[in-house]
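Report on the structure given below.
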Amino acid sequence: MTNKVRTRFAPSPTGYMHVGNLRTALYAYLIAKHDNGDFILRIEDTDQERLVEGALDVIYNTLKITGLSHDEGPDIGGPVGPYVQSERRNIYIEYAEKLIEKGEAYYCFCSKERLDMLRANSEALKRPFRYDKHCIDLSKEEIDKKIAEGVPYVIRQKNPTTGSTSFHDEIYGDISVDNSELDDMILIKSDGLPTYNFANVVDDHLMGITHVVRGSEYLSSSPKYNRLYEAFGWDVPIYVHCPPIMKDEHHKLSKRNGDASFEDLMAKGYLKEAILNYIALLGWNPGGEKEVFSMKELIEAFNYRNINKAPAVFDTKKLKWMNGEYIRALSLDKFHEMALPHYKEALTRDLDTKKISELLHTRVEVLNEIPEQLDFFNNLLEYSPEMYIHKKMKTTYENSLKSLEEVLPRLEALENWTFENIKEVCMNLVKELEVKNGVVLWPIRTAVSGKQFTPGGAFEIADILGKEETLERIKIGINKLKALQ
């Protein structure tokens, strides 16, 4: 089993799929698939107090939507299940007892009050809290007596106080820690469930995990993990600790602070492919100029040794740009299908939405921008006549009024209202008046939209609005300009 690359995504069902969690899943998936390996889903629910109802569905749905399909997991089974930690309780107790037999762990009966006192003393001395090994030398008789009396206990790792523990991480290199800094961490809690740290090591070994991908915040725990591997006589997996994702230079991206989850980004109109592509580049450098990768290309190109140590800043502008690239790469039909719900939300008039899609397809970066681009189609917005003055277009109040008054009867006479016919009428007027295009087209665009920036120009907007509405808006424009005289 260990000859084959096996990675795992092991989330806790505690709420939304945070961007950092999704990147961990993606990197683990890419490492496995780059070498035709297995990607395993394991649910870490040992911290029962933090569990959130419905969070498990979020995990399954996210993996399904993103296409990060697991080869083994709670929902599909596999050869090394169960894949939910709360269903493996007896396994952890068995392995904790093996450590006690080896002299690598011990029972601790210290009360909450005693531990609170130790913590308070540590805080007063401004030192990190470490358990004082009070129960390390209890005799078998004392232990048996306390267990028989029903005294609550935990099982702790027995760490040496001299020497050092070293480990290698593929991103951060060789790291060595003095054993005197290692706390005798709890392996089995008083409720009989394992701690996250202990369950991880046992499960990663029993499930044949070859590469452990996780955030750099777990670097400090890795020496304790290594001590467990050594105590059991197990091979240590390859560690890939990923740099943190930052909101800006000084603040980490955090779901506690309400920063974007995968669900939030999808709800804002980002495409799943763009989100995954962008997240892949948060810390990983493929080399070269290429930035837009399909999943197949990511699998082929991904090399975890090219992950940077430096924190990656989540740049919403960059994500938006990338999303725009993906939207433009869609077929018009596919874009139209994705835009339809936004049209239904934004439009109050019966318009040709396929024509609107032709306008927006190359102009929208995020689907949620669609409604704000369409407001003028419903009703002509109140606007200032000053909009008719445009230095670059060489328009004034006077020539704007002339253009609108000249084009109105020509458009009124148009029997077949199409884009091409509207364009022909307007361009013929440009020739007749012997002016630059903008002198005619800018006033028309202003009159029909009431906005300085619109998707599409005068011809497209007039075509979509229809004859009656276009003529009505041009008349309003004429009246606005006449009122200035």
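Heads up, the Cβ atoms here are built off N, Cα and C, so glycines get one too.
Quick look at what Swiss-Prot lists:
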- 11-21: motif ''HIGH' region' (MOTIF)
- Cys108, Cys110, Cys135, Asp137: Zn(2+) binding site (BINDING)
- 252-256: motif ''KMSKS' region' (MOTIF)
- Lys255: ATP binding site (BINDING)
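Restricting the average to the motif ''KMSKS' region' (252-256) gives a pLDDT of 69.
The Zn(2+) site is set by Cys108, Cys110, Cys135, Asp137; from the centre of their CB atoms, other residues of the chain with a CB within 8 Å are Tyr106, Tyr107, Phe109, Lys133, His134, Ile136, Leu138, Arg156.
Remark: Cys135 (Zn(2+) binding site) has Tyr106, Tyr107, Cys108, Phe109, Cys110, Arg156 as non-local neighbours, by Cβ distance under 8 Å and separation of at least 6 in sequence. Comparing the binding-site residues Cys108, Cys110 by how many other C-beta atoms lie within 10 angstroms of each C-beta, the top residue is Cys108.
For the motif ''HIGH' region' (11-21), DSSP puts the residue distribution at 3 helix, 1 strand, 7 coil. Counting only same-chain residues at least 6 apart in sequence, none has a Cβ under 8 Å from the Cβ of Asp137 (Zn(2+) binding site).
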